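Chemist: Please find one structure pasted underneath; my questions will follow.
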Amino acid sequence: LYFSPSTSRQQNQPQGHYGLTSPISLAPPSDKDYIHTQKLIEAMKPFGVFEDQEELYHRTTVLGKLNNFVREWISELAESKNLPPSITEQVGGKIFTFGSYRLGVHTKGSSDIDALCVAPNHVERSDFFQSFFEKLKNLEEVKNLRAIEDAYVPVIKFEFDGIEIDLVFAKLSLPTVSDDLDLRDDSCLKSLDIRCIRSLNGSRVTDEILRLVPNVENFRLTLRAVKLWAKRRGVYSNIMGFLGGVSWAMLVARICQLYPNALASTLVNKFFLIFSKWDWPKPVLLKHLEESFLNLPVWDPRVNPSDRYHVMPIITPAYPQQNSTYNVSVSTRAVMVEEFQRGLEVTDEILKGKSDWSKLFEPLNFFQKYKHYIVLTASAFTEEHHLNWIGLVESKIRVLVGNLERNEFITIAHVQPQSFPGNKDLYKQSGYVSMWFLGLVFKKAESAVKTNVDLTHGIQSFTDTVYRQASALNILKEGMKIEATYVKRKQLHYFLPAGTLQKRKKQRVSDISQNNSGLQCKRSSLGESCSDGSKDRDSRTPSNSSSLNKISKLDISTAETERLYVFEVVGGMWFLISWPNSKSQVSPTEMEATVALRTSGPPIGCTIPGYNTVCQLRMCFVQGQHKLSGTLITDPKSASPKQHCSPTSK
């Protein structure tokens, strides 16, 4: 029904191609709808979805102070550039908010605010990141000030009187910025560079969403419920390939357009009904695509070939229209569709009186969902380096998901957006550790013949991407490592605290004893490898041999990993400290992941700052046996003798 064009049409209701229709239902809400909506509100309250008036007042006060501060800075800057006094007194400047705060769905205890600084044409971006940044430094209320000038949307992050602010910048082609400036007018984009257009886009999209929904209060309550559900079910993360806040807002806004008179309880149910059956990659739009005299690039698969590969397009309503979900992959879309279907089943039961709303917000039991997992570990020696490192690694995990799902034997690669701290053993050996978990679904074997699934290329490509990016951004430091390990579900408790693994199946005593004996064997065999590796390393540079104990402790959790390569950086050089067991067997009864990982080594040609060292690695397969040879070049410019490392000689 919602794909079909309709002859009836309300005023201002968007129409056009890509499945835009008139409202499906104009029926007024019933008494049951009011009761269910009230129960929905009560079910959300324990999660802190609604902010109190004191928090709201504090945020409003902080934004007022920041707005005055911006106007003062712009006026001082005009004087320093010798502008006429008549212009200096009227240059203005303004702070606009966008995101969840502007949409009115800010949650209790969530203190971050997305804000936009709009300045007249005499203010340059360099002024924003230099003089304004220095002026912020002198404020007592400002803490944790940092600038990210090379980001896709350049931003200054800071805390202002306890409120976290993400402030972006846009310069308009106007001599003054008045208080009644309306950013929804496309003319404000004229003669702007792409970074200013991106900065303005957040505010313009948010305002357009609010304009296009028929009932703002119903929209806000429904969006609060959907965002809470998405976070509880692990599908709220744009950076990981799921959906971010603006994408969820546009999906909810589309449902509000289709059911303009419905209350939140009905809208939540219709949300799951519509999008569990949506014909992806048919895009979701709040209004038809518009042309403009500015001729900026917009999302249009009829014109742009790259847009045809987007698997779950949700298009922003403000010009220039863009796809807000370009990070979504086939796997993450499949996970979300599955969650839509579960949400539909649960809300149908609730509306029939067979269940209550708390069931909708039950968390996903991710660690019981799959049989096979990859544990991705990022570690660094210092806290500062660790924060930079995990930020980069997290932003690239969707690359790993894409690499894995392109493997012919993998049907789903599901990443858990939440990261976890490393266990105590990992902390002792690597300083600061963060872990992410990816669940894998393998295709069922068509015959009883055992199948080896080699994940080497996908994971190595991912690690190479991370290290190259870190090197390009000049944040790669000694001690930064990535490790990827394949484990089965029953081994996850070695990585995670007991409380995290919900509804863990009880193991029989015989199973536990058998598992422990296997672990001891694995640990002893790896102990020999570590011993050999330490001798090789100590011959080159002095260091504490206890750092090599990490691999044996780590492998407690990887007892059934078929092949594992681990490299560690010492004195600026990457050394092999473990190699694969060539006698590993794969169970013929089910398909196993035979993992050959280069888990920590940087890509070829990537050097550690302060050291003139290049590590080149290659893997060769000879008559079914796996050999790893490395070439260590202490000076790339000189043709010095090469030192080869192999399991037999080192």
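Positions of Cβ are set from backbone N, Cα and C atoms, glycine also.
No curator has checked TrEMBL annotations; they are predicted automatically.
Predicted, not measured: the structure shown is a model, and the values here were computed from it.
The compositional bias 'Polar residues' annotation in TrEMBL covers 1-15, 510-532. According to TrEMBL, the region 'Disordered' annotation covers 1-23, 506-548. The annotation domain 'Poly(A) polymerase nucleotidyltransferase' is assigned in TrEMBL to 19-213. The ATP binding site annotation in TrEMBL covers Phe98, Gly99, Ser100, Thr107, Asp112, Ile113, Asp114, Asp166, Lys227, Tyr236, Gly245, Val246. Sequence annotations record features per position, and here TrEMBL assigns Mg(2+) 1 binding site to Asp112, Asp114. The feature Mg(2+) 2 binding site is assigned by TrEMBL to Asp112, Asp114, Asp166. Annotated domain 'Poly(A) polymerase central' per TrEMBL: 218-362, in sequence order. The feature domain 'Poly(A) polymerase RNA-binding' is assigned by TrEMBL to 365-423, 428-503.
Quick one: how deep are these features, and who are their neighbours?
Modeler: Counted within 10 Å of its Cβ, the other Cβ atoms near Lys227 (ATP binding site) come to 21, all protein chains included.
Counting only residues at least six positions away in the same chain, the Cβ atoms of Ile163, Glu164, Ile165, Asp166 sit under 8 Å from the Cβ of Asp112 (ATP binding site).
Per-residue pLDDT, averaged along the domain 'Poly(A) polymerase RNA-binding' (365-423), amounts to 91 for this model.
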Chemist: Within 10 Å of the Cβ of Asp114 (ATP binding site), how many other Cβ atoms are there?
Modeler: 21
Chemist: Specify all same-chain residues, apart from the site residues Asp112, Asp114, Asp166, whose Cβ lies within 8 angstroms of the center of the Cβ atoms of the Mg(2+) 2 site, ordered by sequence.
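Modeler: Not counting the recorded site residues, we get Gly99, Tyr101, Ile113, Ala115, Lys157, Glu164, Ile165, Leu167.
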Chemist: Including all protein chains displayed, how many Cβ atoms other than that of Phe98 (ATP binding site) lie within 10 Å of its Cβ?
Modeler: 25
Chemist: Non-local Cβ contacts of Gly245 (ATP binding site) (under 8 Å, 6 or more apart, same chain)?
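Modeler: Result: Gly99, Ser100, Lys227, Tyr236, Asn238.
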Chemist: Where's the emptiest Cβ shell within 10 Å among the binding-site residues Ser100, Asp166?
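Modeler: Ranked by other Cβ atoms within 10 Å, the binding-site residues Ser100, Asp166 bottom out at Asp166.
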Chemist: Please find which two of Phe98, Gly99, Ser100, Thr107, Asp112, Ile113, Asp114, Asp166, Lys227, Tyr236, Gly245, Val246 have the most distant C-alpha atoms, given that the record lists them as binding ATP, and give only that distance in angstrom, rounded to a whole number.
Modeler: 20
